[in-house]
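Below: one structure, written as structure tokens.
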């Protein structure tokens with residue numbers, strides 16, 4: 001409705017692709033409007049109609065028709081002939097319009113407006129009669145029809161609107177909207193007098209009833225939206241509940257596991273306490289002490305023998321030189337003890353700092369034990385050749401009574417306690433690494449003084465160094481520890497023709513030491529005579545590692561860049577076997593109790609474990625590292641530690657590995673830095689020592705993935721004297737002194753220190 005109370009057609013030219021035709025060109029058009037600002041979309045069925053109160057025509061007299069009908073002058077006072085021409089030539093003939101669209105340039109906006117205006121022109125106006133209220137009703141009928149009948153194309157709209165003048169409605173409108181179609185036909189009656197008046201429209205059932213339906217529909221839609229919102233919220237809450245329930249179930253299982261372990265440890269403590277009470281000597285000690293039998297730990301005893309390793313009792317631990325006790329008496333006394341003084345665990349900043357890692361190690365140990373306990377207790381008895389059951393009894397097959405099975409189950413249940421408790425106690429037994437001695441050599445000024453390998457002899461009395469200075473030097477350890485000298489001289493010094501890469505003492509013959517060099521030569525030396533006993537030249541490239549067999553002292557293994565591992569008999573001076581691989585071999589190692597097995601690390605990121613009696617294929621291949629495996633060392637007969645330039649050490653259980661399955665490592669140790677250099681690896685009594693490219697020595701225990709101790713080397717300025725840090729320096733080799741708490745470490749500048757865990 002315009003400001004002059006007239007139903008006016010102001011249509012956006014939705015079919016026009018030409019934005020160049022302005023409304024100014026149609027100054028005589030019936031649809032021309034001043035200050036036109038509406039846009040012209042491309043989709044015919046999404047037309048927009050807007051009001052415009054500024055017309056070039058002047059308003060005519062307004063008169064009331066009936067009780068509420070408004071008579072207005074026609075807004076289409078221009079030439080009717082033009083409208084008829086457009087209607088006859090372009091609207092009524094759909095094919096002509098389609099052909100014109102294909103052959104002609106983009107549809108002019110002026111013609112579109114005129115064509116659409118003709119659709120809203122009532123029959124009496126076309127016949128030349130003046131506009132009246134009934135004409136407005138007709139236009140409202142056209143508008144109502146367009147609201148309920150969208151079109152997919154301009155051709156379809158032209159055809160349908162041309163048929164509408166003849167009161168022909170689309171079948172889909174009749175089927176889908178029968179009431180609306182009937183109401184449209186009432187408004188579009190060709191006779192003006194047969195059309196309804198405005199009052200009849202406002203009071204009609206069609207306008208009043210749908211309004212109620214519309215309100216109900218809106219209420220229903222609003223209710224449906226609220227229901228959908230509640231369903232969305234409910235779905236989110238249910239999903240969150242499911243996830244939290246899973247967490248709660250896991251937490252409940254964890255709490256149950258902890259409760260069982262607490263009960264088991266408490267039971268074992270009571271058993272130990274009863275045993276202590278039954279012993280008179282321990283009973284007397286209990287009267288004078290409120291904790292475990294008092295065996296003081298020497299925190300920093302200079303007189304401790306080199307071969308002894310200081311250990312804390314499980315309940316008596318040392319941290320930062322302080323003695324901390326745990327009272328194993330009854331729970332009341334223990335609670336009182338905790339109330340009077342914080343427990344060691346809370347006071348140990350090192351432990352609390354790594355508490356989450358200790359927790360992870362505990363659960364790793366527990367779940368591994370649970371996994372093992374789920375295996376069947378009995379294996380099928382193997383059959384002999386005569387078909388009868390074998391009389392050979394295994395550990396599991398011997399569990400044939402209820403009592404035995406119960407006892408076996410209890411052992412399995414508490415089997416985690418000993419290894420975890422041992423690891424925890426050893427982890428907390430020492431608080432730092434202390435320098436016991438600095439090895440000061442006369443050739444420290446030599447720029448090529450990198451120590452590639454360190455090794456102690458059979459008894460731990462002497463240790464040897466070898467490296468790029470082409471020398472093997474043997475030092476007496478106790479002499480260096482007890483004497484403070486400006487320069488330490490080796491007791492034996494042996495020179496070679498090439499840089500040494502590795503040395504290894506014979507575990508049986510005290511004076512024998514084997515070496516390998518960068519030219520691929522393997523040599524066996526007599527230290528007492530300072531001369532070469534055997535020289536073996538079968539490798540084609542540099543030999544990185546050598547190792548004597550503890551079980552067979554005449555057997556020697558070497559690994560080379562030529563991708564081969566060679567077995568040597570030092571009595572024959574020639575190789576007695578060769579294992580070929582596809583990559584460089586960086587480290588070889590015999591287990592301590594067997595001369596038939598051998599492990600080696602390779603540049604293809606893998607560790608290979610062989611039975612030398614059948615060397616055609618490895619017993620198992622361990623794949624877990626991401627870069628070159630630089631070292632392998634046996635912790636015991638079945639546990640192997642490997643080092644790699646991927647910044648990790650890994651612990652493997654060879655007893656569960658087969659060539660057909662690759663078991664994951666038991667533990668992965670991280671904390672040191674190693675991305676390109678050989679930094680050394682040595683093991684002793686569960687402790688693992690390794691170097692770092694941060695010029696630090698790190699000590700791990702096999703039970704926990706984080707370092708227990710660390711010590712940082714500092715560079716020495718030979719001119720000014722004070723120590724200085726050098727980012728280019730790194731630890732190049734480490735070696736434990738037997739089964740003691742002492743180790744020797746060397747860095748890339750030849751700086752050698754004797755360290756001790758205290």
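FYI, residue positions are counted from 1 along the chain as it appears here.
From the backbone N, Cα and C atoms, a Cβ is placed for every residue, glycine too.
Here TrEMBL gives coiled coil for one range in the set 95-152, 153-210, 211-268, 269-326: that range is 211-268.
Looking at 376-396, 397-417, 418-438, the range annotated in TrEMBL as region 'Disordered' turns out to be 376-396.
Remote same-chain partners of the repeat 'WD' (536-578), defined as residues 6 or more beyond its termini with a Cβ less than 8 Å from a stretch Cβ, comprise 501-509, 512, 514-524, 584-596, 598, 600, 612, 615. Here the domain 'Protein kinase' (1-207) returns a mean pLDDT of 62 for the predicted model.
Helix, strand and coil content of the repeat 'WD' (536-578), in residues and according to DSSP, is 0 helix, 24 strand, 19 coil.
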